[in-house]
Structures are given as C-alpha cells and as structure tokens.
Amino acid sequence: MSQFDSAAFIAGFPLKAHNTFGFDVRAQFACRIEREEQLMAAVRDPRAAGLPRLVLGGGSNVVLTGDFGGLVLLIALRGRRVAREDNDAWYVEAAGGEPWHEFVGWTLAQGLPGLENLALIPGTVGAAPIQNIGAYGLEMVERFASLRAVELATGDVVEMDAHACRFGYRDSFFKREGRDRFVITSVTFRLPKVWQPRAGYADLARELAAKGHADTPPTAQAIFDAVVAVRRAKLPDPLELGNAGSFFKNPVVEAAQFEALKTTEPEIVSYLQPDGRVKLAAGWLIDRCGWKGRAMGAAAVHERQALVLVNRGGASGTEVLALAKAIQRDVLERFGVELEAEPVCL
C-alpha cells in the first residue's frame, strides 16, 4: 500500500503562482511535498508511472512555455538547524523547500556569517546547488558541505559531496547528467568560524561606504543589508513584475578573444579569472546592443538591468524565449560571444 494519499494528486493544477515569471499555465497533475518520506512514496506510486515529472521549489529558474503534461512535485520541505560543529566551522542544514533569502537571514540571526553576499537571491535552498548560485564575490560551492536527494526513478535517498555534485560556474551535475533525475531534499553548508568580509564589488563597496563603512570593515549584517539594497535598486520584485532574475550567464572567453574585443570596445566590462580567461558582463553586452528597456510584445528587457527579462503582463514563455533568442543573436553578431540562458526552459 502506498503511503501517498490519493487526495494529494491534484488534476489541472494552476502554476501561475508557482513560477516567478507568472506564466498562466497548468499541470496535468501536481502534488505538494512536505516530507522526504512522502516524496519517496510519491515517486514509487503506480499512478505516477510513465508521467513526466517537474520539480518546482520557488519556480524562479524556469521558463514554462505551455501546460505541463505530467506530474509537478511542489517542494514544500521546511526546517533548518545547526547540525554540528568542529574547530573550524559550523555545519548548518536546511530543507530543500526553505526560501533561500529567509534562510540566509536566519543564519545571521544565529550569529553564523558566511552566506550574506547571497542575500535576496530568489528560489529555495534545494535549488541553490543546482545552479551553484553566486553573487558579489561568493559562490555557493564555497560554503557547501553536502546534500541529500531522492532519486526519482527509484525513490532511494542518496548523499552527495561537492565532488559528486561537479559544480561549475552557475552549473552542476544536476543541470547536466543528473537533470530531472533527483530532488534535493536538504543541503548542509559549512560556515567558517573565522569570517572575512567580501566587499570588493564596486556596487557593494559604494553602498557600504554610503552607510558609513568606507574606512571600517563591515559586519556580516552590514554586507547583507547592502546586498539587499543594491539588488532591490537594480532588480524588479517578481511579485510586482514577473521575472527570473538574471536570465543570462556572464560569458567567459579566452584572453586572446578578450584582447581582440577590447580593441573595438575599450569600455567593455570584464573580470580576469584565475585560469587566465576573462569573464564578460552579459548585461553590458546586451545594453551595448541597445536592448535595455526594449520589448517584444508583453516580454521586455528591464529598463534598469539588461540581464533581466520581464513579463509585463500576459506574456507567454514562448514570447520570453523569442526575446531571449533575439538578444542572443544580436550579441553574437556584434561581439562573437554566445550568451547562455540561466533558467531551464520547458
């Protein structure tokens, strides 16, 4: 007998409130998952056999181009705790359905700094490793210890360390070989007891200076507050204007290509990488192509941040993808650089 209550299968479930673009689409079936055991039972349930599956947490990294003909698993796993500590770090575990920003704020309230640069990133804890989220000089992988996940094909629980997750820039095993195969149910982070502020990014440094930290080292809370202020000034609230945050990755090019670009574009915004390659600011490339503030139907490029595509009201996922492809085409033609979309497009 399945542990999965048949009432949990909801037919024709509306997904508008479950994706931050606000696309008005539906799922053939949906199920709200509040316990790991429930997830294990759900994926083994005969009624789910043969159905395509889509895992949604905050829905902040997905473009839904139409109704989903399968089972949507709505991850609502909650809980957070200090699991253990050693001489060097605290190990903090959070359930996959915990809202990311709330979790970061909670760690600071417990006196556990280390994640403050990642404040206000949309989505859930379980989505953070998939994307290897990063911002303002910090990537999640630098604070990652391990995770638990349920394999959708079997319902078995697996534990994975950083090596198994194969993290890269906005990338992981879960976006490649592991795509659509696992649901991350909890993540454990390693927060060092010896904390050092990271405040080198220009926007962040300016905000901190404006708040009185020009000559004194900022606290973790000050960095958190500054990141929130900077992000709110640049990025629209998905509750007010549908979006998925940064739509494109910052491309990384070889040094020779960068030097060639610099001869024709001396103001190009760039960041030298440890391996000698150069990361380019995708927003600058898009802006230079004249896309900031432009629209195609109800899909548009945000007027303050060219990296953000928005739903001005009634746009479909197909319209947003058409806009994204037009931007990619223009950037490639002008700079010879291919932009890669961050969200998963379905």
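Note that Cβ sites are derived from N, Cα and C of the backbone, with glycine treated the same way.
Pulled from Swiss-Prot, these are the features on record:
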DOMAIN    23-194  domain 'FAD-binding PCMH-type'
ACT_SITE  Arg170  active site
ACT_SITE  Ser246  active site, proton donor
ACT_SITE  Glu342  active site
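Known features from Swiss-Prot, placed on the structure.
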residue	record	DSSP class
Arg170	active site	coil
Ser246	active site, proton donor	strand
Glu342	active site	coil
Give the distance between the Cα atoms of Arg170 (active site) and Glu342 (active site), rounded to the nearest whole Å.
8
Pairwise Cα distance for Ser246 (active site, proton donor)/Glu342 (active site) [Å, integer]
7
Other C-beta atoms that fall within 10 angstroms of the C-beta of Arg170 (active site):
19
Would you mind checking how many other C-beta atoms are within 10 angstroms of the C-beta on the residue listed as 'active site, proton donor'?
22
